[in-house]
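Contents: one structure, followed by commentary.
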């Protein structure tokens, strides 16, 4: 079997470094390119330098050259560069795995349009455990559909720039969908001052940013006399990186828009 050629965007970032390691660890993949922004101090360095690997791949800012020798790009950067990379992937017929969060509706629409011409796995979280949690939340919300107040609490490291996290928002979307609600209409993001009694139809969000928290997410269903808490805690970014590489292998040869539920076969159950 010919190894799948994977390029990493943001290769010198916290997530990018772990992705380089994950590609190196997978028996069916090989690192074909590593991208960083123009002016990065890492340009020219071996992509594996930060994790003690010698990959033979130099970090570059030449998107066209990197994609020309790749089957798939994994991108966990920020919305603006991801959308630029996405258009290049469409031009070069390269699949893309998108772990970037914080897209507005226009950005999401661009991803949907691009999926008509290339294979895309776009997910708020690539952890197997988190995606199983999404599946569980759908069932729980359908059962606890009356008389329960729903709150979502998430925590991440001090460097995370978007809030709530994409994973927390996806949890909210799953729960709202199971209840027949529109998250845009029922979400409450933080509370301050005299807020009055809680509206039972709302889904609340609370955000923590501190230290080096990799990712903590809890969905709380509370009523008089009991509460149900469903929690996922990530202790290593390798959880997300390994899932992204798994998605890259899975989407090879496919066209269309998929998420991690598709990769794991959970959408067929």
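Keep in mind that glycine also has a Cβ here, set from the backbone N, Cα and C atoms.
These numbers come from a predicted model, not from an experiment.
What Swiss-Prot lists as NAD(+) binding site is 10, 11, 12, 13, 14, 15, 36, 99, 100, 101, 123, 124, 125, 126. Of all Cβ atoms in the shown protein chains, 21 besides its own fall within 10 Å of the Cβ of residue 12 (NAD(+) binding site). In the three-state DSSP classification, residue 12 (NAD(+) binding site) falls within coil.
Positions annotated as active site, proton donor/acceptor by Swiss-Prot, on the basis of sequence analysis: 156. Other Cβ atoms within 10 Å of the Cβ of residue 156 (active site, proton donor/acceptor) number 25 in total over all chains. According to DSSP, residue 156 (active site, proton donor/acceptor) sits within a strand segment.
Applying an 8 A CB threshold to same-chain residues 6+ apart, the list for residue 166 ((S)-2,3,4,5-tetrahydrodipicolinate binding site) reads 101, 102, 124, 125. DSSP assigns residue 166 ((S)-2,3,4,5-tetrahydrodipicolinate binding site) to a helix. Taken from Swiss-Prot, the feature (S)-2,3,4,5-tetrahydrodipicolinate binding site applies to 157, 166, 167.
Taken from Swiss-Prot, the feature active site, proton donor covers 160, and the record attributes it to sequence analysis. All chains included, 17 other C-beta atoms sit within 10 angstroms of the C-beta of residue 160 (active site, proton donor).
When the Cα atoms are compared, residue 10 (NAD(+) binding site) and residue 157 ((S)-2,3,4,5-tetrahydrodipicolinate binding site) turn out to be 18 Å apart.
Packing around residue 14 (NAD(+) binding site) is summarised by its Cβ count: 15 other Cβ atoms lie within 10 angstroms of its Cβ, all protein chains included. For the NAD(+) site, whose annotated binding residues are 10, 11, 12, 13, 14, 15, 36, 99, 100, 101, 123, 124, 125, 126, the maximal Cα to Cα separation is 22 Å.
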